[in-house]
Amino acid sequence: MKALVLAGGTGTRLRPITHTSAKQLVPVANKPVLFYGLEAIRAAGIIDVGIVVGDTADEIVAAVGDGSRFGLKVSYIPQSKPLGLAHCVLISRDFLGEDDFIMYLGDNFVVGVVEDSVREFRAARPDAHLMLTRVPEPRSFGVAELSDSGQVLGLEEKPAHPKSDLALVGVYLFSPAIHEAVAAITPSWRGELEITDAVQWLIDAGRDVRSTVISGYWKDTGNVTDMLEVNRLVLETTEPRCDGLVDERSDLIGRVLVEEGAEVRNSRVMGPTVIGAGTRVTNSYVGPFTSLAEDCVVEDSEVEFSIVLRGASISGVRRIEASLIGRHVQVTSAPEVPHANRLVLGDHSRAQISS
């Protein structure tokens, strides 16, 4: 069995961060979202992985390499522009061959899904197996309609009047039958080859399409709110450890991870929080639910429930919360600040905030 990981797309909902970085590499608890998926695929016993890449191919390749760090063998499949999930399957035909495969959206975050779904698929080997989850607003997702026995009757892509609240999670399992389906469908009104249309083709052809309503956690990390929520969830599992320097005037409270080379001076850090390697925190309050990446500087400031990327600097800011701050951003004080500041700043930005 192989894996097809989709790491193209433009990440418009995470702009300006994704103007200069692949959305799949935005870190959660200081580790790129994509890496969690690759680790889950390896844990399921799959080694051969094809990664579909687009405009950010160089960045993805630099981060993942040949996959050996994950125990994987990685191949890269270029997609000239986003033309739909089914198009990703179409252009990956040579890599996939006649093998069964799992298709995994690289910007999704799932817990307790991949291993179980692969095991279930291998045991029953239907033509397609879909992972579903109940959502409060199904009109924003691909939605499945099921029979009383759980058989998939039909799929709709972002329907105006959904027939269920069961949304498609970004994990699909297919037999080689899917290749006939993606070759048979035509582009949707969006000009894309939709995977929902390909699966519907299998259903209409009388093929065996099954589903599982997952009990594990799932988030599409395509927007800031969901990124912060996933960061919170992962930080909840953080084991406290201090490999850096914390002076006697500082307090680490709860699950705080201070990585090697980090310094905390005259500050209070409330867990769960991660302080990245080489980061300096001085005269500040950080956390809870905060990730500071490597080589950041936080001084005379408060940062809570936020993700701060590599090399960012925050100085003299009374309070930042619920924020995603890009690489090498500089945030400094300026007159007349509100009590809290909510920011989404792209890489290499400069912002002035009053103290």
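Each Cβ is built from the backbone N, Cα and C atoms, and glycine gets one as well.
Taken from Swiss-Prot, the feature Mg(2+) binding site applies to ASP107, ASP220.
Under DSSP, ASP107 (Mg(2+) binding site) is assigned to coil, being neither helix nor strand in the three-state scheme. Counting every protein chain shown, 26 other Cβ atoms lie within 10 Å of the Cβ of ASP107 (Mg(2+) binding site).
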